[in-house]
């Protein structure tokens, strides 16, 4: 029988000092022997996805204590990628994932907590907490802050839906008036919550639900809706049940590695491909799999991408649907239901409720359920009122979107595309692969060949795009922006956005060893591996080189002979200590970022630390 980890600090005469300190936090004799459950919050006033979380940790803690546990809350950091975008702040975004994972490990292991409730929401916070959960392998439940309501405004006598990316595009488009740009800016992000499209934050919260580590509805139920409070209340109750199942009943099925096993990872990636999720999810799932010691690689993702159709299309891939619409159509379990009926899922997986996939679908798939309360929950909709408060409204759609022919979520027979929303490409400068969000690529440019315009930094590329130096037919190459080369693997949302602003969204390609925001669409290919700073052939591309992109056949090729590639690599090596580094780039890199770069691996490994350098 497993022993409560917390007993290390609460039992025995030699722990009198530790108990004295616990007493100073409010614990009493009756509490010693109860499970100590960490409430891992990520409240911050910097991030709209987290601005409403201050009181939610207390809400969970009260339920834990009412259910027989002891709750102890702490906070992690949280970076807002949108605010950090387009300047040196973006260098810190991906490295913050590792800091979050480490800080959770430090706090939980230092104080011998028995289990966790992770209150996450945005881009690097959910992945960081997920990595820590699988690293620690103690009972855990995720409950996120929830999606933002879509922005809405009236343009040309028509009400349209908006999000952050629309504000960025309008702000950079010289044809848009100051008044219209200001109107869109003020309307784009109306409430607390993670940005309203299928961007990285919402993608990861959906995948955490698919992995089985959060409750039904968690990935799609709006932050502002009163129904979301129940997810927090039940998380507090259920984590105590889960904890006791493991420690008191010796039931290892309660542990995250046994819930989020390889079959669950395959299901999560299948969901991601079907819903056209952010390319960043590939990075984070690969990293989480390594923490779980699961053999899940780019090769697995490639195989899935070739057989999974696209069943859901959401902003930024279409302006028609946002997360509030996904929820109305049944949320994560609505998509999983269609995938299950198509025979594309592993059915033996279980979630934190102890339900198998078929049992979950029977109860929570709107196409199957007989439960009126479940149907009511999925009718939870937006109020259209600006607010930073959680659970502040109780509006509902009159009907569910169960139209699987033309609705937000489609059946296999009516798929948006028989090709999924993500694809892995391979070629002579992406030997270990690269990623493209095919859901956001226009059919006219699925095959594309053009001359390279090469830039050693995102900043130089942005200047060239806005300065008219990039023209239709070009392939923009931005390198030395990978995990090691950046360092920090910046998101390239500004270059892709500005290509659209300049009318080049369907006329150019962009390739990088960096990554993209979940808000990116267009022919944007990232995660090129190996990255330039690790000796990847992306470093030897020169202006004017022809690059061929063939998404249907999963290929990407620099049109050079093997002999010319070898000669250029020799020339690069001949630069000595300057080899595989950017030329003439002026960038201040702090010691914290240098430490990150020293251990960083390329994107095909999830940009995790190179354990071989640590003796691991």
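Quick reminder: no glycine exception, Cβ is built from N, Cα and C everywhere.
Listed features, source Swiss-Prot:
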{"type": "BINDING", "residues": "81, 123, 124, 491", "note": "Mg(2+) binding site"}
{"type": "BINDING", "residues": "122, 195", "note": "[2Fe-2S] cluster binding site"}
{"type": "MOD_RES", "residues": "124", "note": "N6-carboxylysine"}
{"type": "ACT_SITE", "residues": "517", "note": "active site, proton acceptor"}
Sparsest-packed of the listed binding-site residues (122, 195) - C-beta count within 10 angstroms: 122
Three-state secondary structure, residue 491 (Mg(2+) binding site) (per DSSP): strand
Whole-number Å value for how far the residue listed as 'active site, proton acceptor' lies from residue 491 (Mg(2+) binding site) (Cα to Cα): 5
Mg(2+) site, defined by 81, 123, 124, 491: further same-chain residues with Cβ within 8 Å of the Cβ centre: 79, 84, 93, 94, 122, 200, 280, 517
Cβ-based isolation winner (fewest other Cβ atoms within 10 Å) among the binding-site residues 81, 123, 491: 81
Inter-residue C-alpha distance, the residue listed as 'active site, proton acceptor' and residue 81 (Mg(2+) binding site) (nearest angstrom): 8
In the chain carrying residue 124 (Mg(2+) binding site), residues 6 or more apart in sequence that have Cβ under 8 angstroms from it: 78, 79, 81, 93, 94, 96, 97, 100
Alpha-carbon distance [residue 195 ([2Fe-2S] cluster binding site); residue 123 (Mg(2+) binding site)] in Å: 10
Other CB atoms, at most 10 A from the CB of the residue listed as 'active site, proton acceptor': 30
